[in-house]
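Worksheet: the structure to be examined is printed underneath.
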């Protein structure tokens with residue numbers, strides 16, 4: 001069997017180097033760090049007079065300017081900032097590698113939906129006991145506090161940065177010309193979809209590549225995909241009646257070809273908006289700046305209305321995106337790191353910079369006092385769109401929780417949605433598959449799941 | 001691997017070439033060929049070590065150790081104690097991960113997909129590369145230097161950039177080739193595999209052309225000259241003299257195409273942003289990547305090991321088949 | 001197809017015309033996207049969508065666009081360019097030298113375990129690069145060397161494929177008799193290699209260098225895993241970063257296109273420069 005010789009040689013060589021490799025592995029990943037067990041008392045400031053240097057990673061455009069402001073005013077706590085690619089574009093993988101190697105540094109940006117995954121890797125420090133956090137955490141909306149505590153009393157695993165409450169962007173000019181009002185309920189949305197189709201347009205886009213968008217819509221309808229029992233066992237339920245109602249709603253629109261089904265939040269989408277194909281876009285606050293910069297031809301034509309509701313007069317919301325800044329479990333200065341994070345995402349001057357440079361809609365409830373967020377926007381026909389989002393943010397249901405292997409869940413969803421929009425699957429079946437696959441993946445991680 | 005079939009074959013070509021070549025320049029006191037074979041290993045052991053050491057050290061550090069690590073990782077599994085998230089420990093799990101690999105539908109589906117991709121893409125790619133190389137080498141072509149550069153340029157375009165660029169050209173709303181992109185859904189589930197194959201062929205045809213061209217250049221002119229004297233035309237020389245002589249190089253490009261196809265990653269990954277028909281598990285390497293992203297390193301390592309073994313088996317099968325062809 | 005007539009050694013004009021036309025058609029195929037790149041890089045951002053992709057439109061903005069890209073963010077692009085040249089140039093050169101030595105040893109010396117060593121080296125080609133990235137990262141973390149030039153440079157110095165090619169070329173182009181003659185002259189084995197073998201293998205080594213140079217130049221996975229500091233990025237990773245930020249800063253779309261065009265230039269220069277060695281014959285022995 002000389003065919004197999006190289007393989008066997010490889011195996012033999014591998015065995016020889018195993019010792020080296022194991023040493024390398026254990027040296028890096030053996031010590032899990034203090035994640036999750038940081039006692040409240042352990043978060044102490046460095047002795048007076050010590051100079052502390054922190055590292056901070058994020059992909060918010062222009063965050064360097066916020067950091068510069070901090071560095072000017074805090075000579076003893078200097079922050080070295082690194083701008084990286086988006087989490088799912090490679091940074092989450094880099095984080096995971098760094099956690100394994102014990103080289104995470106001090107502070108990093110993580111979106112809400114990926115927070116449990118890094119908690120699972122024991123990568124996050126509980127900064128709930130740090131004095132600046134304990135004092136200031138109440139300044140953030142309840143739903144974000146739930147998400148960063150995972151329901152643990154007094155725990156804080158990340159400082160909420162920005163939030164993504166859904167609202168309805170719509171082409172006011174087209175709506176006015178057609179004598180339509182933005183839909184208050186999903187029923188109306190479906191009716192208008194038919195009317196708009198008759199006029200040669202599409203009401204919106206079902207984005208197959210943005211499973212977090214679909215998740216936010218299920219969230220709005222009261223879906224609870226991930227819950228934890230009293231014994232700590234996870235339960236996954238992605239095929240509950242609420243989620244299926246949302247799935248069937250969109251399935252009908254897809255089947256009737258009343259919505260676009262192109263990749264969202266990218267050039268393909270901007271082209272479609274530029275061409276005036278889509279009359280509405282279900283989006284988050286951060287979507288505003290994207291539309292504004294990428295679809296200049298829409299200037300003055302767009303407006304923002306509340307997200308349609310499942311029942312007339314309802315006030316339910318969901319969040320798409322939004323992020324936190326975490327203190328890594330390996331940080332030697334959790335106190336200073338937490339102090340910086342609370343400032344960068346709580347202080348009015350910092351929030352104003354984050355909004356100006358990065359288009360962030362701050363999570364902090366003080367955001368409503370920001371001058372920039374109470375100004376009318378010319379692109380949106382003089383509307384003060386941020387008040388719409390502030391209202392929407394108050395309506396986000398605090399009891400929704402994310403799973404610990406969300407990357408995989410999203411992958412399964414987006415693969416399935418891709419097939420669904422190409423007529424090869426049904427949305428409801430995709431959800432069933434995603435649920436089965438998620439349970440399988442969690443079990444492979446030795447997570448207790450019932 | 002490759003040398004089992006490939007290298008002797010190349011060496012064979014090389015031998016022929018040497019017999020055809022002029023005798024090596026002698027440095028003064030030519031004593032004629034010395035019967036050297038039997039004693040050499042004893043005489044130059046230190047030199048061998050000296051020549052091999054730099055490569056072997058680097059290779060061990062940056063290939064063997066990482067591979068060994070991946071193999072070890074693939075034999076471990078995670079256990080967790082306490083609570084909702086718990087604390088993970090890696091324990092020896094034997095072949096648990098491999099069992100998971102073999103029952104993983106999407107992984108094997110992705111291998112099937114790249115095999116289809118191989119059939120769509122590689123025969124055309126290598127066929128064209130061979131034709132281009134033969135033309136470059138033949139006297140009938142004018143401007144060979146220009147074509148050599150022009151065909152190689154795509155290989156100089158980084159794969160990620162090439163994919164972004166072709167993504168523009170495929171998209172119905174962005175493409176300058178509107179007639180083509182509006183009548184065919186190049187990014188739909190039926191055609192997207194051809195669209196990706198086109199990107200890969202665009203990048204690699206020139207590269208393979210150069211490898212074959214290099215082999216053609218090594219054919220001693222005496223051989224083709226002799227054929228010409230016998231009255232053979234260019235077609236005949238190409239078919240009966242040149243192609244058999246570059247068969248080992250073709251085999252080499254074939255093996256590298258197999259490896260390259262199984263490791264396909266950048267192009268489909270970039271295409272995801274413009275096509276909903278490309279899933280995150282489109283190719284085996286994308287499955288590995290997605291698994292490492294969970295992160296489930298142990299399973300990802302097992303996927304990698306199995307992928308390397310599959311590559312090995314397919315490369316051998318290819319060389320077996322290709323070898324028989326060239327012999328007959 | 002039948003073989004053309006056997007009348008003369010002069011080429012049939014029909015064959016010449018047909019072959020040239022065939023090649024021109026394909027040159028069009030291979031160069032059209034590059035042409036698109038040139039045209040697009042010469043436009044203003046507003047013209048990008050508005051105009052046809054294969055012809056110029058509006059003012060010719062290429063010099064201005066290039067200046068914008070080079071000046072953006074404190075000359076970041078030039079740093080990427082320099083990094084890529086460092087990684088690919090030094091990495092390619094070291095890899096070629098090391099592979100040449102190994103290939104030469106495998107071709108010209110008989111020693112126990114020779115085939116075994118060769119097989120293990122070749123098996124290295126089969127391993128998916130994605131599988132190596134994480135272990136390499138952990139390895140460099142051990143010595144606290146991630147996020148440095150070395151983290152990308154050192155692994156780039158290994159080319160198993162280069163050893164394979166070098167072995168074949170050494171066997172082909174370095175006659176045993178010559179080595180023996182050098183030995184009789186009293187030259188050491190190393191001296192023989194550097195003074196004689198390297199010169200004979202030169203055209204082949206240029207090929208090895210070119211392939212490794214381009215492979216490193218295009219590598220993007222390893223830098224992605226190793227580097228956080230954007231001033232250490234090579235061009236591919238830098239352009240990828242810009243590309244992922246386009247939604248936030250649409251100016252970057254044009255920058256990515258101009259940057260892609262600029263990134264090809266050094267490779268073409270390298271190719272033209274190295275092509276000279278080929279003209280003297282890729283298999284030098286064949287040309288005498």
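Backbone N, Cα and C define each Cβ position, glycine as well.
Note that TrEMBL annotation is computational and uncurated.
Per TrEMBL, the feature region 'Disordered' maps to B:1-37.
Positions annotated as transmembrane segment by TrEMBL: B:47-72 (among others). Long-range contacts of the transmembrane segment (B:47-72) within the same chain: residues 301, 304-305, each at least 6 residues beyond the stretch ends and with a Cβ under 8 Å from a Cβ of the stretch.
Taken from TrEMBL, the feature domain 'ABC transmembrane type-1' covers B:111-318.
According to TrEMBL, the feature transmembrane segment maps to B:114-137 (among others).
Remote same-chain residues near the transmembrane segment (B:149-171) are listed as 132, 177, 181, 186-187, 195, 198-199, 202-207, 209-210, 266-267, 269-271, 273-274 (criterion: CB distance under 8 Å, separation of at least six residues from the stretch ends). According to TrEMBL, the feature transmembrane segment maps to B:149-171 (among others).
The transmembrane segment annotation in TrEMBL covers B:191-216 (among others). Counting only same-chain residues 6+ beyond the ends of the transmembrane segment (B:191-216), those with a CB under 8 A from a CB of the stretch are 13, 113, 116-117, 120-121, 124-126, 128-130, 132-134, 136-137, 148, 151-155, 157, 159, 162-163, 166, 170, 184-185, 242, 245-246, 248-250, 252-253, 256-257, 260-261, 264, 267-268, 271, 275, 277-278.
What TrEMBL lists as transmembrane segment is B:237-265 (among others).
Same-chain residues lying 6 or more positions outside the transmembrane segment (B:299-319) and placing a CB less than 8 Å from one of its CB atoms are 1-2, 4-6, 70-71, 73-74, 97-98, 100-101, 104, 107, 111, 251, 254-255, 258-259, 262-263, 284-285, 287-288, 291-292. Sequence annotations record features per position, and here TrEMBL assigns transmembrane segment to B:299-319 (among others).
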Other parts of the chain folded back onto the transmembrane segment (B:114-137), taken as Cβ under 8 Å at six or more residues beyond its ends: 144, 147-148, 151, 193-194, 196-197, 200-201, 204-206, 208-213, 216-217, 238, 242-243, 246, 250, 253-254, 257-258, 261-262, 264, 283-284
